[in-house]
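The FAD binding site annotation in TrEMBL covers Thr43, Ser44, Thr183. The D-dopa binding site feature in TrEMBL is assigned to Tyr223, Arg278. Residues or ranges marked as domain 'FAD dependent oxidoreductase' by TrEMBL: 5-324. The signal peptide feature in TrEMBL is assigned to 1-19.
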Amino acid sequence: MAAPKVAVVGAGVIGLSTALCIVETCPSCSVTVLSEQFSPNTTSDVAAGMLIPHTYPGTPIHVQKQWFKDTFTYLFAISNSAEASEAGIHLVSGWQVFKNTPKEELPFWSDVVLGFRPMSEAELQKFPQHQFGQAFTTLKCDCPPYLLWLEKRLKATGIQMYTRKIADLWELHSEYNIVVNCTGIGAHQLVGDKKLFPVRGQVLKVHAPWVKNFIREGDGMTYIYPGIHRVTIGGTREKENWNLSPDPGTTKDIFDRCCSLEPSLQGAQDIRVKVGLRPSRQCVRLQKEVLSQGGLKLLVVHNYGHGAGGFSVHRGTAKEAARLVRECIAALQGASSRAKL
């Protein structure tokens, strides 16, 4: 059969990295990225891009750990290369602090990040409101440069990218053999996924170049993540809130909370407010589906619903989605050779 045509719908970090994994593992494919929005207008552009995993209750821990490990290994290699600054990837050390000692003192990802250990009494003196903490070094992706770096990698392989709003995956059946759905929160309407809901995140991107260490409260609500050019401070986790407009009261609350963790942020300049809707569900939807109408079939691979943890597992889930695409190609080739008999 002719080279299989694959459409990846969505151009956030999940869509672009999935497209890249497909090209790397199925070089015979013709891959196209279709999206209503590209960087800097995606949800991924708002994300802080810190590699600290979020836990998905509906996914086995060993699977989540593998996704994180694949992602960490991939980004660590980039951080050790000449492309690190263009890709916006760097190592950052810091602390995760708790007001009360957590039940789980060793999270499942503790041996993937670097140098994970309990904080010393001396370190904890920096955080008088907290009684327990963990120190480690992890990776941070500055999201807009990383998305542009992924786009550049894709274009170098000859991939086409088009701005296009898809109202129904079936509209692609006459042009493509396989469709990969990486539409994030858009899947709520596109495929009618009622298990998917937005968790609104409001963050501030500030100029505070003296802040070098990350600080994160254990519940993930308050955090300070230094990037290459700006510090991301946050945040909010508002379930079922679809509002993309910044809220001034929330901005003040975030700023006050972060200043209580790091008082020097009082001197931060050039505060920019960003809002994104995290595409959340009990587990990432990573599976194949066959759509059929009137005797015609369309093979679909879904890869969405990463919630707050998308950057931490994006490469791992992209590799898994690419594996499912390879299975779809094998099924198509099997059907085509049977048809010839």
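The backbone N, Cα and C atoms fix where each Cβ goes, glycine too.
Distance from the CA of Ser44 (FAD binding site) to the CA of Arg278 (D-dopa binding site) is 9 Å. Between the CA atoms of Thr183 (FAD binding site) and Tyr223 (D-dopa binding site) there is a gap of 27 Å, rounded to the nearest whole number. Of all the binding-site residues listed (Thr43, Ser44, Thr183), Thr43 has the fewest other CB atoms within 10 A of its CB. Each residue contributes its Cα atom, and for Tyr223 (D-dopa binding site) and Ser44 (FAD binding site) these two points are 17 Å apart. When pLDDT values are averaged over the domain 'FAD dependent oxidoreductase' (5-324), the model yields 96. Pairwise Cα distances among Thr43, Ser44, Thr183, the recorded FAD-binding residues, top out at 11 Å. The Cβ centroid of Thr43, Ser44, Thr183 marks the FAD site; residues of that chain outside this set whose Cβ lies within 8 Å of it are Gly10, Ala11, Gly12, Val13, Ile14, Gly15, Gln37, Thr42, Cys182, Gly184, Ile185, Gly186, Pro279, Gly310, given in sequence order.
Within 10 Å of the C-beta atom of Arg278 (D-dopa binding site) sit 24 other C-beta atoms, taking all shown protein chains into account.
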